[in-house]
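Engineer: Just dropping this structure here.
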C-alpha cells in the first residue's frame, strides 16, 4: 500500500519563540512508510527536531530562525508522497514594567502597574489581565482595571495576597507577580466554643493564627454574649435562669475585628431568686380618686426564674391597713388603686418575685400621694395694680391671697396662674403666666405692702389691643375656677418684623426691593426705615440710612448708587408713633458692572390699519447687560423726527404702536434704557407699512407676482414676432408664377432680369412684399423669365412654376440672416 498522508501540515502555522511546536504529517501505508522532514531543501537532523512515530514533527524550542517552509516526505517500496506547510515564529511576549510589592494601611488605596510588549505582528492582539492568588480579578465599585493599571480603593484585609499581571496575545503569555500586605483590623477568631458552663460563670475558648493579625500587633480579645433576651459584653458574672451564646472579637492597633461565628448551642444557667427590685417608684397625682403607683420595668435577663411578677404594697400614712397587689406581666409598670380620699400620703413598696421566691434585697419604701383635684378656693378682688402703669406689652395685677391648706387646695399648692386673651378671641389667643409660691411670697416681703395682696406682672401682652384677664389657683395637676375678669387696653407699641423682605431685581448699581406689612403691627404703621451695610468677607461696613421715612402704604423701593459685584446687608424696619420696631434684614449681591447695554433686535412687525405689534429679542452679547426699561420709537416716511411712545413697555420682548396712519410706510426701533444711570442703547431700524387702501394699492403695484407676469408677457410677444419673421423668410414653397401674374410682373420671355429683381430684398423676403417700389424699378415682363439661381440643380420648378427643393445659395444666405436676427 503506497504511503498516504492523512493529516497534512497546516498551510500556515504561527507560533511564538520558546514554544514547543508539533507540525502534523500523519501517514499510513504498507509497509510503514519512512518519514523524512525538510526545511526548504535541507533535511532536519538536529536534536531539537524529533520525528514522532505517527510522522508528526516536534520542534522542542522554537526560535526566529525556525521560520520557513516545512515538507514531510513519506515513502515505501510502493511509492512516496509529500506535503508542505509554512511555519512563522514571532517574538515572545515580555513584561517590560513589573508591578512592585506594596504595604498599605487599610482603607488606603494601592496601584499596581504593568507594561508588556510583543511581536509587532501580534501587538493588536496583546491583552493584560490581573489575577489574585491565581483567580482573575473582577472590577467592582472599588476595584478598577485599565489595561496594565490595577487600582484598589479602600483596601481591607481580604485584599492581602499575590497579584499577577498576565500579558497574552493568543500565541504565548508572560507574567509578573507582586505581593500586597494590607495592615488592617484583625480577622475574626474562629472555632469559638464553651469549655465550661456553670451557674454564674463560663469558660470560653477559640483559635486565632498569627497571620490573622493582618501585620499589626495584637492587643486583646473581647468576649461578647447574647442571651435569648438581648446581646451584651461580658463584664459581670452570668445571670441565673438564662441561655447564653458567645462570640469573640480580636483587637490590634488598627482596630476591632468583625465578630466570630457564635458558639453552637446554649450555655444554660440554673434558676434563682431575682437580684433586683424595680427602680424609680413614684406616684402620679393626675387621677382624682386613685392612687397611681409607677416604676421602671425589670428586664427578662434579671428575672432569674419563671413566673416573674411585681408585688405592690401600699399603706396610707397614719393607718395600719396594708394592701398588697400583684402584677404578673413584667411589661406593665403601673398600678391604679381606687381610693376615697384626695391627695393623701402613702407608704409604697414594689418588689420582684419569681417561682423560686422574693428578691434577695428588701425594696426601698417610697412616699407617694393619691390623686389631686381642682382647688376649692378662688382668688378674690383681682384688679390692675394701681401702682404700676400699663405698657404696650406689660401689665401688673394684684389680688387677695387664698387659704393654701391641703384640704382646700386638694393637692400641692403650686401658686397662681394669670390668664389673658384678646377680647372676644379667648379660644385662639389665650396665654398663661404662672406666679409660683416662692415668687409671690418674695414680692410681698420686698414691697412690705400693708394690704397683704398677691401681685404679678405679665410681660408678653399684645400691643394696641383690648385685653381680658383673670387669675386661678393651681396645684401640681389642676387649677381652680377663674376669678373676676379685668378688662383693659394696651397702648400702641413698636411693630414687629415685616411679613417678608426680598430683592425683586438686582442690578449692578441698584436693588429693586419689596416687603410686606408686619404680621404684628402693634399699632398704626406710620412708615418704614431702610438702611444698608456693605459686606466684604467678614468685615461689615457702617450702617447707612437709605430711606428715613418711607410711606406707610409703600411696599417697594429702589436702592441706588451701589457698587457692582458687592455684597450688601439691607435692613427694613416698620415704625409706629412709638418708634421703630424690630429689624429684618437680607443679604444680597449686586451683579457685575458692564459699560454697555445689550442691543434689542426686532424680529418682526405685525401691522394693522393704525397700529402695529413689534416683537424683539435681547442677544446675550459679551460685555452687554439686560436693561430695565424699553421704549419704542417710530419714524414716518418723508419725516425726520423720531416719535417715542409715552410710557415704557412692561414686557421685555414685545410692545404696541398706536395712532398710526393706514397705508403708510414707517421705520421702527427699540430703545433699551437703564433707569439707574439713564444709559440708552438704540436698536436697529425696521421698515414696515401699515394696512389700508393706500397700502393695498402700493402693494399691488409693487408686488413681485405682478412684475413677473408683465415680464413673461413681454418675452412671449418677442418670441411670437421672431417666429413670424422666420416663417416668412422660408417662403413655404409658394407658386411663383401665380403670384407674379397677380402682380403683373411675370413673363416667359424675359428670364434675363430675374437676378435684378431679387437684389432689392430690403425686407428679407426676396421682394415678394415690396409693393411700395417705384414704377421705374418694377422689372419688365421680358426680364422676369431670366431666373439665375446658380449651379444648384436642386433649384428647379414644378409644372406650376413653384420651386422644387430648397432655394439654393440665396436661401442659405437668408437663413443665416434670420439666425443672426434671432
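Cβ from N, Cα, C; glycine included.
Given the structure is predicted, the values throughout are model-derived calculations rather than measurements.
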Engineer: Could you check which of 434-455, 456-477, 478-499 is flagged in TrEMBL as region 'Disordered'?
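Structural biologist: Checked against TrEMBL: region 'Disordered' maps to 434-455.
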Engineer: Tally of helix, strand and coil residues over the domain 'Ig-like' (93-181) according to DSSP?
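Structural biologist: DSSP composition of the domain 'Ig-like' (93-181): 9 helix, 48 strand, 32 coil.
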Engineer: Where does the mean pLDDT land for the domain 'Fibronectin type-III' (277-376)?
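Structural biologist: Across the residues of the domain 'Fibronectin type-III' (277-376) the model's pLDDT averages 95 on the 0 to 100 scale.
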Engineer: Quick check on the domain 'Fibronectin type-III' (378-493): DSSP residue counts for helix, strand, coil, in that order please.
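Structural biologist: For that range the per-state counts are 19 helix, 46 strand, 51 coil.
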